[in-house]
Amino acid sequence: MAPQKRARNHEDDAVIAVESARSSLRPDARKRARLSENSNISKSRNTRDSSPSSSSSSEDEEDNEEPPNAEDAPAPPPSTQYEFLRDDGFRHLENPDLDDQRATQKFLARKEQIGDNHAANNAIVEDITCINFMCHERLHVPLGPLINFVVGENGSGKSAVLTALTLCLGGKAAATNRGASLKSLIKTGCDSGLLIVRLKNQGNDAYQPDVFGKSIIIERHFSRSGSSNFKLKNENGRLISNKKGDVEDIIEYFQLQVDNPMNVLTQDAAKSFITSSTPAQKYQFFFEGVQLKALDDDYRLVSDTCDQIEAKLDESVEDLQALKKIAKDAEAKAEVVRQHAGIRQEAKRLSRQLAWAQVEEQERVLAEKEQNIVKAQEEIDNAEREAAEKDRLFQEADQQLDRVKQNGTQLEEELVPLRDEEEKAKADYNAATEAVQNAHTEQKTVGKDLTAAINKVKKFEHEIEEEQRRLEAANGGAHARTLEEVQEAKRTLSEAHEALEQHDREMMRFEEAREQGKVKENGMKGPLATKRKEVDDARERLSNLNSDRGNDMAGFDPKMSRVLQQIRNDAGFREKPIGPLGRHIRLLKSEWSHVLESTMNAALTSFIVTSKPDQMRLSNILRQNNMTWCQVAIVSNEPLDHTGHEPDPQYDTVLRVLDIENDLIKKHLIISQAIEQTILVPDRKNGIRIMFEGPRPRNVKQCFCINDQKRAWGFRLGYMGGQSQNREQGPIKPPKGKPKMKTQIESQIAYQTETVRQLERERDDLENKLRQVQESLSSSSRAVTSRRQEQKRLKLTCQRAQERIDNLEGELDTYNIEDGRLEGLRQNLADAEQERTITQETYGNMGIEKEKLNLKSAEEKKNLAAVKKRLEEHETKLGKVKQKLRSLEQVRMFALTAKNHAITQIEELSRGKAKAKEKYDQQAVRVTEFIAEATKICPRIPVDPGETEKSLEAKLNSLDQQLKAYRRRQGGSDQEINDAAVEANGVYVRAKADHQGLEELLALLKQSFLNRMEMYRRFQTSISARSRINFAYLLSERAFRGKLTIDHKNKKLDVHVQPDDTVKGSKGRQTKTLSGGEKSFSSVCLLLSLWEAMGAPLRCLDEYDVFMDDVNRDVTTKMIISAARRSVGRQFILITPKALGNGAADIGNDQDVKITRMTDPRERRIDDMLQGK
């Protein structure tokens, strides 16, 4: 809401009353009525505009001659009571001379008080800008704060300035008589227009100076489509608002009444007012301009409201009497009801007993249902005892079956190496047999070659013998004997070389065997020592398991107990730490103990806390005990949902084989160890198949397997960096120290016992193999020593045979046999013998090799037979175990069926108990509800002996029948009658109070109305007197004499002017008899007198001198300036199409006068043409 219009301290009471006159009873009390929108005024203006110029009557008529006019008829008497009260017979206007005298005194006193004219601090139009408006592309007119003359030729934009001011400050286009709508005022060829007005906003009574600053810019945008909107900006051009209501608030605050026909006289209104207005029209201008009409409308509304309230009060008197009679009758009926309370009291007593009798009946039913629960619990207890017995039998059968299964599993595991051994024995036997066959075939081939070589030697020997006989015949036979000795010596040498070579090969084989034995011995000593240590560790672990039964701290550091004691004694923890974690985890499958203890070793010794302070506190305790290696993790209490993140149920996971006592531990291990996505596959081959063959299993990060070759070892199968192509395999070493997780101790001991036995067997096998290797190495060493001695002997034999050959060949040289044929034959014989020797040696070696192969084949066959025998015995034993297993499975199945039947029976009995409990709870709720309902009726009371719910209900029904018969006679129930009495009395009291309130309001309104009527008459007297004295004063400026007659009774305002003040005894002439200039001058005097009475901050007049000659125009202009200077702080905008006359130069030099000369449109067209060129 805009602030209330501030008072102007330099004005008198009458003017203040005009500017502040308003009523809260008007439809739009926040804003003044816009007089230009009044249909009657518009009609009168249209009539005035369209009427012929009858005012230009002949000036030759006499002063007192007036044409006949219907408006001169006497005024009709008051037609309504309001008008009668308002006018009061116009007694307040009976002494106009006295009123004028008082007004003159106030006028003179005011002139002395306010001093010289000066500019106001606000409500001043600083400049006006028009864009695409009417015939102007851009028109900017700066204005002075006091007196402004806008001078220019027709079409220069004088009237556009006034029109733009009216429209931009909220006026309507129709009020300007320039167009029917805003879009008709847009410049031809343009689609939109813009008007901008800048208002001064300074001083103590500025409008929101912190928002707008020293100036307020009002913009009005409009287009040919019919749209129009306002924009409010501060002095810097920043947009503050675009609401029309905010613009109206500012206009209301500054009292810029642009729609008031007396404030802004447009060109047409000025012509009509000055030249052709009748006394009635002048009075209408006066009546609207000084706000008498607005006050009259407001007070008439008050009068009508009072009449309506009074009529309503008159109508409500009879209604009030009727309501009083209704209340009295209802109260009489209620009094009769109160006199018949006996039956009702008895019925009330019976109804109370009936309510609690129903409660007792429901309590009996509740007791029966409670007995049903007790009986159901006894049956459940019996069934649980029977189920416990069935469970014991099942557990025995299950344990026996597990033992047999373990035995069968062990036999099956032992069967695998036996079958592998059988396959190996078969392969060895087949290989040995095939080798024998190949050796036999090769030996036959070599035998044929040997026969051919022997025959060849025999052939050459026969030829030599023939040649020798021929030569002996020549030299007596000595040469032949020497040759025979040479051949014998060569045979000896050949045999010695052959023996030496055979010996060297055998020696090399024995040396290789010795070296291989040494390597095997050295290679087996390390594994044997490791295996012996594993056996010792396993025995120690077994001993610890036997000695640590029931001690859950055995697997942890000895100082851990002291740490736990300090944690228990420390009260500074927000939440007690959890740990070590191994104490809170139970392993369900003991075969995975070594693998999981090794992979989770650090986590099993760690602690969990829920906050940083607790972590620091626990770390300090661990530091005091030199256990900083123990980890402390912070885990929030928020639950972790791992549903949908686990592998297929067919796989065991670390999470599934662990029983974890605390959800925080489970959450920590899921986050840190991924136990929900680590699968456990005992067999390594199956693990590789699952992880690496085919698609990667869903929700699986890694896989743990058990090493079936090395007890307590395992394998890890996974992926590096989370990529499926980066496969990773690695061993899992046995854990160090004692187990940290809880498990079934007997199962753990049994598993560890079997581990010890397995390791002992593996150690014994290694020791036997080492002994065999050592024995073979010793044998090889002895053989090498013996072979070296034999090698020396064979070398000596070879040397001696070679020396004999050399001696004999020397003797042959002495015979000087020149025939070379015998020597050639001998050479051929030597070659043939060498070939035979090689073939014989090969045949002999192959025979030896064949014999060895036969022996090996026989040995492999024997070994195969032994393996088959062991395999057959093992399979027989396994078959017996499987048969026993099937028998035990049937026993277990029967026991499980019996156990399940017992459990099903317990569940059925439990459901029966739950149903009984549910019925009990329902009945308990029902009893509570019955008690609550009964308590609403009355506190618990005993029921009369012998009375039941049915008997009480019968008695109560009998009394109810009696009461119903009574109610039928009285026309309603007791409650209905009492309620009706209360309601009737309430209606009467409220109606009476409303009637009194309206009477008080009417009295206040009437008193206020009478006070306002008195103020209205005082204001009417004051404004009339002020207008008269101002008019007379202004006429005297030109030595005119005249009188302003304001006839409020007949609603006429007439002017009598005597241009010659020397004429005495004449009351003056009417305006119709004056010349054009005199008529215009007198009308301007009238307008200035009304302006002075109004006290509006802005006064605009368009073409006030249109009908004046130069003399009258100069006098009128000076008079307007003089009057404007007396109106201190008012801004005047005066538009004239003519020059200001001889005094224009002097006027223009005055500081309070600003003359704005508009550019001649003809000059603009010439400039436009020049620019176009």
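Each residue, glycine too, has its Cβ placed from N, Cα and C.
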Among ranges 221-245, 771-795, whichever one TrEMBL labels region 'Disordered':
771-795
Within the domain 'RecF/RecN/SMC N-terminal' (126-1137), what mean pLDDT does the predicted structure show?
80
What parts of the chain pack near the compositional bias 'Low complexity' (776-786), using Cβ distances under 8 Å and only residues at least 6 beyond its ends?
507, 510-511, 513-514, 517-518, 520-521
If you run through the region 'Disordered' (723-743) with DSSP, how many residues end up as helix, strand and coil?
0 helix, 7 strand, 14 coil
